[in-house]
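Enquirer: So that we are looking at the same thing, I have put the structure below in structure tokens.
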Amino acid sequence: MEYKYSTIVDKSKWDPEGLTEGIPLRRHEAGDLEEVGSFRVQEDWRRLVGPLENPYRGSLGPEISFITYTVPECLPERLEAISYSLDYGFMHDDEIDLNIASAELSDVGGALKQGGATGKIDEGKSSSGKRKMAAQLLREMMALDPERAMALAKSWAQGVQHSARRVEEKDWKSLDEYIPFRCMDLGYMHWHGLVTFGCAITVPEEEEEERRRLLEPAVIACMMTNDLFSYEKEKNDNNPQNAVTVIMKINKCGEEEAKEVCKKRIRVECAKYAQIVKETLARTDISLDLKKYIEIMQYTVSGNWAWSTQCPRYHFPGRWNELQKLRAEHGIAKYPARYSLKERTNGVNGVNGVNGINGTNGINGTNGVNGKRNRDEDGDENDARINGNGFKKPALTSQGKDSFVLDDVVALSLNLHLPDLGDGVVLQPYRYLTSLPSKGFRDMAIDALNTWLRVPSTSTSTIKDLIKKLHSASLMLDDIEDNSPLRRAKPSTHIIYGNAQTINSATYQYTEATSLAANLSNPLSLRIFLDEIQQLYIGQSYDLYWTHNALCPSITEYLRMVDQKTGGLFRMLTRLMVAESPGSNKILDRALFPLSHLIGRFFQIRDDYQNLSSAEYSRQKGFVEDLDEGKYSFTLIHCIQTVEANEALASEMMALRAFLIKRRVDGGLSNEAKMEVLGIMKKTKSLEYTLGVLRALQEELEREVGRLEGKFGEENLPLRLMVDMLKV
């Protein structure tokens, strides 16, 4: 999964005991929009429902706010809405804890059920404030993504219905009996809806049972975390539902011992889920959305723990940062969002939301089409052309286009704060390519090397992202340069987006990768990155030069080109991992050079061989595509050198030259011509020779792994597995 909106955070401060080990922590770049949503729902609740402490002890924290860390890849334009929804849920939950009879469960649940079924919630003058808030929130979400907004309302209604059971007194016989009830009571269904809406995910209905099964450890870990930290807040409630209380009663122990039991269970469930994420991402029998959902949900686990350690909701007296204090005292009208949305697409059909959720009018803000002045429920005028990001939008015609009124055009020309165009267009070709199936071989190589190098998770993640961007960019450019119609059995990127957009997207990834390299902890990492990038371009230049001029290189020249081109990425990731390793002063990257060279050479020669001999490869890339491209593969070089050295094959040499010239003129070869070339290769036994070289290199790779295991004093099973996967 590509991470567009978040960065890795060192979680050692928040989890010194390592309870969430194996699960990273990420922070959303647009976290300020969460605060705006939270303070907006607080203002609406006080106006429409009743008194509320200020600031409210909900999702916000002085350093870590809930959604910013638990949904780090939420589409930015949806972040304020799900923040509003979450704190609405917290406020309603607090009412249930204090007095379930006065919490209006049937009214709220009925409103949400109607919203889930019809896409709207009926309201009138006599409607409760909670119903009005739910109705307005649903309208905002429907404007962004109708299908997922209705799914959210439906799942939230199920959670509210379950909360009604809290009035029942329960005599739990065991923790395992308590857990299923509490997991549902936790607000899991509401949270499921928020995440799928926020990240624009739809898990297929036929995978629902599998989704619940895979997610179970994460839900349990979050439930136990919630109960652990909320115990002090809830222990004096009328009807507390808390694991600490249950454990104390069942085990007949004190608070501290019960809390340790909670921590132990959290550690176990986190370890389970970390393994589930890893296994799920490697599966090929489930949808991409289910994979994405399971991967995203791991941040609910780590983010929930980090938030719980410092949030005012669980810690008294609560701490707030300065901006939160100002917004609590003066309102979000005076202190609006500081984050400027780059894009306003709804994630479904690329439709732009107009003002959407960011109106500053409180609960009755409008979409502001045509820039008309509207009145809210209290009769106060508001200008719908001002959104939550604090800038005026240009006047719009009824068709939603820029006004051509002279004053408006001049105002636009003088406006230095126009919204950014965003990177959505430049990323489209890249996102298409990365959505195609991939074996993730380079990620496997990084993880295998880390068995020895112990690189911190932040640097490891950055290197993986960097290598992915470079590899994807090179594939996009290679397909253009080689005129390849297929990539992984799908149309190549340039076939869909055109050469110009694909080149622009690919080069943008190079700039992104450079930025990532500059952010690595070792200052030498950027120099390593630039050195290897230069080698990649030089290697590619020879490949293109030989193809364009129909010049057959020697085996020596071919291998050197492979070292710089294909082997370059393996060498780069190896050198970067060594540079970022805590023991880099004791490890010379030269010690790993033979391995990276061998992998690069084996990988390329294997690719050459499969292009000519594998039916699956033909399905993925086209029949004997290297001959269409005019590439001088290892097998073709051997064939040419063999016929040139054998006078008995003079006629085959003439035919081979004729085919290569024809390919250059026509831009490809017919299947009949390709079959003739394969026939010549059969006579020279070039495929057999290539297979023999591959098997010899395989043995050398295995010996090199053994040598390195001796050097590092540790067996490396992931590396051996990776090498074994390459066998032909």
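Cβ coordinates are placed from backbone N, Cα and C, and glycine is handled just like the others.
Residues or ranges marked as motif 'DDXXD 1' in Swiss-Prot (evidence: similarity to another entry): 93-97. Feature annotation from Swiss-Prot assigns motif 'NSE/DTE' to 226-234. Summarising the annotation, Swiss-Prot assigns region 'Geranylfarnesyl diphosphate synthase' to 323-728. For 362-394, the entry in Swiss-Prot reads region 'Disordered'. If you look up Swiss-Prot, you'll see Lys439, Arg442, His471, Arg488 marked as isopentenyl diphosphate binding site. Residues or ranges marked as motif 'DDXXD 2' by Swiss-Prot on the basis of similarity to another entry: 478-482.
Looking at the shown structure, can you explain where the listed features end up?
Expert: Below 8 angstroms of C-beta separation, residues 97, 182, 186, 240-245, 255, 259, 262-263, 266, 304, 308-309, 313-314, 316 of the same chain, each at least six residues beyond the ends of the motif 'NSE/DTE' (226-234), sit close to that stretch.
Just so you know, the Cβ of Arg442 (isopentenyl diphosphate binding site) picks up 19 other Cβ atoms within 10 Å once every protein chain is counted.
Per-residue pLDDT, averaged across the motif 'DDXXD 2' (478-482), gives 86.
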Enquirer: Which residues of the same chain, at least 6 past either end of the motif 'DDXXD 2' (478-482), have a Cβ under 8 Å from a Cβ in it?
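Expert: Residues 492-494, 499, 502-503, 540, 544, 625, 629, 631.
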Enquirer: Per residue, counting other C-beta atoms within 10 angstroms of the C-beta, which of the binding-site residues Lys439, His471, Arg488 reaches the highest number?
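Expert: Ranked by Cβ atoms within 10 Å, first place goes to His471.
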Enquirer: Applying the rule Cβ within 8 Å of the centroid of the Cβ atoms of Lys439, Arg442, His471, Arg488, what extra residues of the same chain belong around the isopentenyl diphosphate site?
Expert: Ser438, Gly440, Phe441
